[in-house]
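Listed in Swiss-Prot:
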BINDING   E61  thiamine diphosphate binding site
BINDING   R163, 271-292, 314-333  FAD binding site
BINDING   D455, N482  Mg(2+) binding site
REGION    405-484  region 'Thiamine pyrophosphate binding'
Amino acid sequence: MPLKQRVSSEKTGAFALLDSIVRHGVKHIFGYPGGAILPIYDELYAWEEASLIKHILVRHEQGAAHAADSYSRSTGEVGVCFATSGPGATNLVSGIATAHIDSVPILAITGQVGRAFIGTDAFQEVDIFGITLPIVKHSYVVRDPRDMSRIVAEAFFICKHGRPGPVLIDVPKDVGLEKFNYFSVEPGKVNIPGCRPITSLKSRQILMAAKMIQQSSQPLLYIGGGAIISDSHQIIKELVDFYKIPVTTTLMGKGIFNEDSDYCLGMLGMHGTAYANFAVSECDLLIALGARFDDRVTGKLDEFACNAQVIHVDIDPAEVGKNRIPQVAIVGDVAEVVSEILNLLKTSFPPYPEQIISWQERINRWRQQYPLLVPRKSTSISPQVILVATNKLAQNAYFTTDVGQHQMWSAQFLKVKAKHWLSSAGLGTMGYGLPAAIGAQVAHPNDVVICISGDSSFQMNMQELGTIAQYQLPVKIIIINNRWQGMVRQWQQAFYGERYSHSRMTEGAPDFQKLAEAFGIKAFTINNRQNMQSALQVAIDYPGPVLLDCQVTENENCYPMVAPGKSNAQMIGIAKPQRGTASNYINNSV
């Protein structure tokens, strides 16, 4: 419960802030102190002493934003981060933008120079309100401490309602210090008419969608992150069980449906499975749930699902029809919409199983002809082999990733549950993985959290090893170390005449094992298959943090790949069907 009961008494703006966020259920804050935010940190001291909230000290404010982001993705709650004014606030920007494009509800609270100094170019003054306007749902500058509790209540409401996203509250230093007669605004007691999602479903659209599903002989569910946010995994499972509709997901939708199921085709798009991309190209009905038809999914847009009618369901009316005009557009919560459609299907539109069986058999032939590929056994290790082995040892783990080849391989080969896949999808933020692992581990202290990173991405935020060491967070860090900016090199090889401009990462590269050990973190270097399995097992079983520097084959490319401007059916690097699999590879199921 809050430090003080709801009484009229003289309190500071800093007290009002902390009291308000605790009333909203916040248990953890990620942040870094500084001059303008010191009044809030000074007040925080008493709240931590009373065990009412815990602050996690990061080593860079970007890490605070990513940790809050991951905390939110894995729990469904609002993640909170603190930073001071000026460079502290601007260091949050990449993290806020990451949360914005992936629809993650985080609350960023920044210090600001005193009210009298705003606009004077004072020391560490930056217009963070203006800077962040394009990447937040809403921004506030608290000009009167009496508004603090209301602003916090509104911020939490805005973060979570409709399409989730970040909100920023900028707090001038003297607002945190000023005393006033404090009354709290209870959580949820807000009135923001312009921030109300559409909740009444239109029966006509539901009826049209149900009819289209029954009449389809080759339907496909295309599921994005909105379905994860909606907690719709159970109702989607019921729909698939009833109508036997195959499922493909975006990077953000990964985990929404059992990835071991025969009906799961994995990820679609640029590095999706061949059979998912063929299914999209051949389906006659595409049911898009919480997905936004972005370019990495669609490839050449006018050839994406070009034989299909489209049902598009999304909580955000701005997304429906933005890139692809649907035959049926439904604005609403994915779980609620699917529930309505399923109820109507069960009562009025029974399935025709012979149609769906034929479609599933066709997909299964693609699955057999064009499997995901893993290099044949050799003394060296490949990224795919490491990921398959890791997944077998830690089937219920939370996985965070950075961005690049290792992210795409992880999406292909790791099989995860909903909210156990934590990755920067829309913005593609290198450096996300390590601080995201901190956020996930803080949120789930008794679960295994594994950060899959690349040697280039890891160096973006490797200072957060200090945070992991300070709090002894038992994060397992697996670095896929190929001595390149791997995805950049792959594109330079494929599209830029093998001119490898500034993508080699050997000179100046750290010894990751020694680096981790300098922070007091157990670490191993893996450079062959003989010690890979045992090192992975030790890392998973060890009660503290562990780093594994996995020195993999250098020139491995991530396939399949859809080249820019090509349709999803035009993939590079898939097995040729007449040979079953490529000569240097084996099916990952072997």
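Glycine too: its Cβ is placed from the backbone N, Cα and C atoms.
Given the structure is predicted, the values throughout are model-derived calculations rather than measurements.
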Secondary structure at A276 (FAD binding site) (DSSP, helix/strand/coil)? helix
Report, in whole Å, the straight Cα-to-Cα distance of E61 (thiamine diphosphate binding site) from I315 (FAD binding site). 31
What does DSSP assign E282 (FAD binding site), in three states? helix
Would you count the other C-beta atoms found within 10 angstroms of the C-beta of R163 (FAD binding site) for me? 17
Please report the distance from the Cα of N482 (Mg(2+) binding site) to the Cα of E282 (FAD binding site), rounded to the nearest angstrom. 37
For A288 (FAD binding site), the number of other Cβ atoms found within 10 Å of its own Cβ: 26
Across the region 'Thiamine pyrophosphate binding' (405-484), what are the DSSP residue counts per state (helix, strand, coil)? 34 helix, 15 strand, 31 coil
Segment-level pLDDT (mean, integer) for the region 'Thiamine pyrophosphate binding' (405-484): 98
On a simple 10 Å Cβ count over all chains shown, which one of the binding-site residues E282, D333, D455 is most densely packed? D455
For A276, I315, listed as binding-site residues, tell me which one has the smallest number of other Cβ atoms within 10 Å. I315
